[in-house]
Amino acid sequence: MRILPYLALIGLAFAEDGLSGWLRYAPLPSSVSWPYIPHNIVVLNTTKTSPVYTAGQELQRGIQSILGQDCYVSSDSTHESIIVGTLDAYVNAYGNLSQTVDLKEDGFWLSTEGNTVQILGQNERGTLYGAFEYLSMLAQGNFSSVAYASNPDAPIRWVNQWDNLDGSIERGFGGASIFFANGSIVDDLTRVAEYARLLASVGINAIVVNNVNANSTILTPDNINGLGRIADTMRPYGVQIGLSLYFASPTQGVKGQANLTTFDPLDSEVVTWWTNVTSQIYDAIPDMAGYLVKANSEGQPGPITYNRTLAEGANLFAKAVQPYGGIVMFRAFVYNQLNESDWKADRANAAVDFFKPLDGEFDDNVVVQIKYGPIDFQVREPASPLFANLRKTSMAVELQVSQEYLGQQTHLVYLPPLWETVLGFDMRVDNETSLVRNILAGRTFERSLGGYAAVVNVGTNQTWLGSHLSMANFYAYGKLAWDPTQDTTKIHEDWTRLTFGLDQNVIDTITQMAVESWPAYENYSGNLGIQTLTDILYTHFGPNPQSQDNNGWGQWTRADHDTIGMDRTVSNGTGFSGTYPPQIAAMYENISTTPDDLLLWFHHVPYTQRLKSGKTVIQHFYDAHYAGAETAQTFAARWQSLRGKIDDQRFDEQLYRLKYQAGHSIIWRDAIVDFYHNISGIADDHNRVGNHPWRIEAEDMDLNGYKIYTVNPFETASKHHAVITSSNSTVGSISTTLSFPPGKYNIGVNFYDLYGGKSRFEIRVGNVTVGMWKGDSEDYLGHTPSIYLDGHSARRITFGNVDVREGDLLEIVGMPDGIEPAPVDYVVFLPEGVLD
Ligand code: GCU
């Protein structure tokens, strides 16, 4: 009989803060039984920096923790062992395997047949991947007998961090950088090692550690040494590091490097400069993966500054790293500011315009890194046509795990279903099946390089990304980069099992929420291909539809009183649809064959245009926004049904976010439907828009020490107004007599939580205090903050099950703090069962 591991008995008492992500190695519950697992781990490489050695350590640790079984690491084989090493090392030691195993670079063979476990990598890193796969099985209570080879679909499986040397992270929502602070590399790299472990466990083989908007000071001799320490820390996990470069570095007076007067990529002094710097880097990091370059985009310098082509710019770096086996990831995110009064101007055309003419001119070790859609990480975009336009250039897709335009980790949005719309898209190149994922793997155009990059932006927060549930996106990214045909729901189930345990109800509940989350977010943030209608000029977080237009950024909606959408047809618009291969071009050229979910991406139509669903565009907007917010309002309750099945800290932290999302989804909904109702003048068939029977506007209440404030943008306040205290030191109150029928109500208070102050509030009903709270979400939520009353700072707090009698006095007392004048928008009284 098996003796229960002690840790299994204490189960959920195990402290959990998210730091180990999906690598918790939680003790299996007592209900699970398992077959014999060898006690002897044979490690065929004892060099401590080798991923094979790491694999042995990881197996020992994992088996101890999951099964409560001590293992011995040795180099002696007995009959019953877990044998870990490269396939070559195995064959040297034991002779050929009984069957032929076909391994590609980084692949592994895993066999659990009989009483021996074989974990054999094509290379050292592949061996570690095999060990993590085996441990993932054990941690999920899966003891089936398997024997298979697993190979990655594509060689490039990178992540990008947009970390700045000062320790901030561009579009990062999980705290400060784990790599940098105060202009250099941090001393304590413990978190870097833990990050490398997470990366390796899902098959990621390289990381670019600094922001694409790069800084030349990364190239000082001190910083190069520091990068060497980072590389040393990640090497045992098989994760190579890469660097983002600032194109004009030679002219920046970089300490310890020569200072030139030009950064012209064809200038011989510039070539020498980069050759020298590259050689210094490879001295410190002999296995550096390569460079990532953002050039001539969003204010970044590049080769075009000197009338050189982007290919000439990319090849400058490619030649510098080529002798060391490095590669250059050159970003296709290149575009100029445009004029909206030009009907044919289109930022979506930029990538094909810039890169198609250069096809064949990039050196072999250049990979063009292409965002999944033609604009910028929007909630829905068509697959970038550039994937179909480069036949003689290696390509990688750029995804974004960090939810820049998708709720900044305060909204639950499981992204893989969005990524799938691109990876599984058939470009019909030469009228033949040509899925984007096959193009990336190099199969379609016979390229030896290619693959995946994702902007992850983990930070020092214990949860890495700021939110426990967002870690599913990180996990799934690695899994899909390894095998993009995997079922994204199944990936989520595995992740949930590893992260929250084996309770089927927990797995089903969280996975079902995840599956519904991207459609819900799309529903309340931007429909029919109009893009995420967020504030593109400020924080990219809350709603601000009009910020898309009347500026040079080219994320236009072209909404007026009667019509909306970008005409990207060849016949009458920007011609973008014609940049796809003929069959796809024909599909997008015509409204009748354009899928509804991309209608406004490709066509400029009246609000009354009928969709394939039979609804008009405007009614679809209204219905979708209501449906999306309704779904988001169920998440917190569904999560709450898991109380007791998830450890307290992670449960409470996630609950806070899901409640926040419930409120913010309503702010999104109301802002967008109000905006389009206002601009189109078309009523909602169901009479919901602008009609809120359970709401009391703060500006309609008796104000004492408060004054009325006109909110901008108008649609981010109910009836366009809120109230704020008459000064930043006045304690104010607002009150009114309630006339709702007596009964139990769920109360919501919509207020604004600005960065730069933590106002305090108290709500009383019938002289009984219902609740007190602070506008202090800046201490809990990592989204980009706002210092204004707007769609980013707008929030709702709720109080359940409150007794209300007719004639009760409702009173809210607000105590301002800092720049925050205790702003209140409205109060809503929802009878039991009524969702707002
Ligand atoms: C987006 C993002 C920027 C980033 C840019 C890029 O526009 O908002 O912060 O620098 O993408 O990918 O280079």
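Placed from the backbone N, Cα and C atoms, the Cβ positions cover glycine too.
As annotated by TrEMBL, active site, proton donor applies to E298. Proximity of E298 (active site, proton donor) to non-local residues of its own chain (separation of 6 or more, Cβ distance below 8 Å) is seen for N213, given in sequence order.
Counting only same-chain residues six or more apart in sequence, the Cβ atoms lying under 8 angstroms from the Cβ of D376 (active site, proton acceptor) belong to F333, Y405, Q555. Reduced to three states, the DSSP call for D376 (active site, proton acceptor) is coil. Annotation source TrEMBL lists active site, proton acceptor at D376 (among others).
Per TrEMBL, active site, proton acceptor is recorded for E404 (among others). When other Cβ atoms within 10 Å of the Cβ of E404 (active site, proton acceptor) are tallied across all protein chains shown, the result is 25.
According to TrEMBL, the feature domain 'Alpha glucuronidase N-terminal' maps to 21-134.
The annotation domain 'Glycosyl hydrolase family 67 catalytic' is assigned in TrEMBL to 141-464.
The feature domain 'Glycosyl hydrolase family 67 C-terminal' is assigned by TrEMBL to 466-688.
Per TrEMBL, the feature signal peptide maps to 1-15.
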DSSP helix/strand/coil residue counts for the domain 'Alpha glucuronidase N-terminal' (21-134): 36 helix, 22 strand, 56 coil
